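Asker: Copying in the features that TrEMBL gives for the protein in this structure:
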- Arg21: site 'Transition state stabilizer' (SITE)
- Lys28: site 'Transition state stabilizer' (SITE)
- Arg156: site 'Positions MEP for the nucleophilic attack' (SITE)
- Lys212: site 'Positions MEP for the nucleophilic attack' (SITE)
Amino acid sequence: MTDTVYPAIACIIPAAGIGQRMQAGKPKQYLSLQGKTILEHSVARLAAIPSLGPIWLVLAADDAYFDATPLAQSTVTRVKGGAERMHSVLNALHFIDEHQYPWVLVHDAARPLVRQSDISLLLQRCIDTGHGGILACRVRDTMKRGERYVSETVDREHLWHALTPQLFPTALLKAALRDAISQGIAVTDEASAMEWARHTVLLVEGRSDNIKITQPTDLALAAFYLEQMAE
Ligand SMILES: Nc1ccn([C@@H]2O[C@H](COP(=O)(O)OP(=O)(O)OP(=O)(O)O)[C@@H](O)[C@H]2O)c(=O)n1
Ligand SMILES: C[C@](O)(CO)[C@H](O)COP(=O)(O)O
């Protein structure tokens, strides 16, 4: 990390999901990866970066696991989650003063493998340009549209997988997320709200091993990637 001086950046980690697709019997952010919970890994990735400010951790109102993790003794601020990810992020934004923290970074608890080098690149590109942005990786497979049959092959030339972290000016994200949600816009990530509000969103190419733990096979893949990182 260079000694670049950045404006104060608040961090939000949405961790209030139930991990239904993981079928693990507990929220996937509390599954173990090399002896630590996925949540601990994701928090540690952000906490290791000096340029990032305090963390607002969004937990389910009925979370029954957090207090048993070492994070219960950490300095993270807990916020109550909402019905969907977008509500959880907006709940956290309500506690973040945009004058104190002009930028906010949002990172999924379910993405424990993000590299500091990728986060540093995102910070640099966004703060240097003044535009918010997202880590993303290019689509490498041929993309099809359809259900039971192919209806279309989609040109993948300019297609990306949106990842996290996603980094935006706090005031702009607050307004965009609030307005998009109130108008029923489908918001699956922060960038969707910012695009809807017609703000520029930078695409910052990141590593494809910054996977989101979503389905059962992802845990073994994450363990493999983590071992590769240690070497
Ligand atoms: N109401 C919600 C839903 C999701 N998340 C968080 O948003 C991130 C990405 O969401 P996803 O991968 O969909 O997690 P889940 O919603 O738990 O997964 P599923 O859809 O399989 O239940 C996760 O860290 C999850 O904990 C959240 O904070 N609040
Ligand atoms: C935010 C995100 O991780 C970007 O790819 C993704 O949109 C989360 O989607 P999910 O359905 O909530 O997992």
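Even glycines carry a Cβ here, placed using N, Cα and C.
Any idea what these are sitting next to in the structure?
Answerer: A helical conformation is recorded for Arg21 (site 'Transition state stabilizer') in the three-state DSSP classification.
For the recorded site, Lys28 (site 'Transition state stabilizer'), the DSSP three-state label reads helix.
Around the Cβ of Arg156 (site 'Positions MEP for the nucleophilic attack'), 13 further Cβ atoms fall within 10 Å across all displayed protein chains. A coil conformation is recorded for Arg156 (site 'Positions MEP for the nucleophilic attack') in the three-state DSSP classification, outside any helix or strand.
Using a 10 Å Cβ-Cβ cutoff, Lys212 (site 'Positions MEP for the nucleophilic attack') registers 17 neighbours.
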Asker: Which one, from the recorded sites Arg21, Lys28, has the smallest tally of other C-beta atoms lying within 10 Å of its C-beta?
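Answerer: Counting other Cβ atoms within 10 Å of each of the recorded sites Arg21, Lys28 gives the minimum at Arg21.
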Asker: Where the distance is taken from Cα to Cα, which of the recorded sites Arg21, Lys28, Lys212 turns out closest to Arg156 (site 'Positions MEP for the nucleophilic attack')?
Answerer: Lys212
Asker: Distance between Lys28 (site 'Transition state stabilizer') and Arg21 (site 'Transition state stabilizer') at the Cα atoms, whole Å?
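Answerer: With distance taken Cα to Cα, Arg21 (site 'Transition state stabilizer') is 9 Å from Lys28 (site 'Transition state stabilizer').
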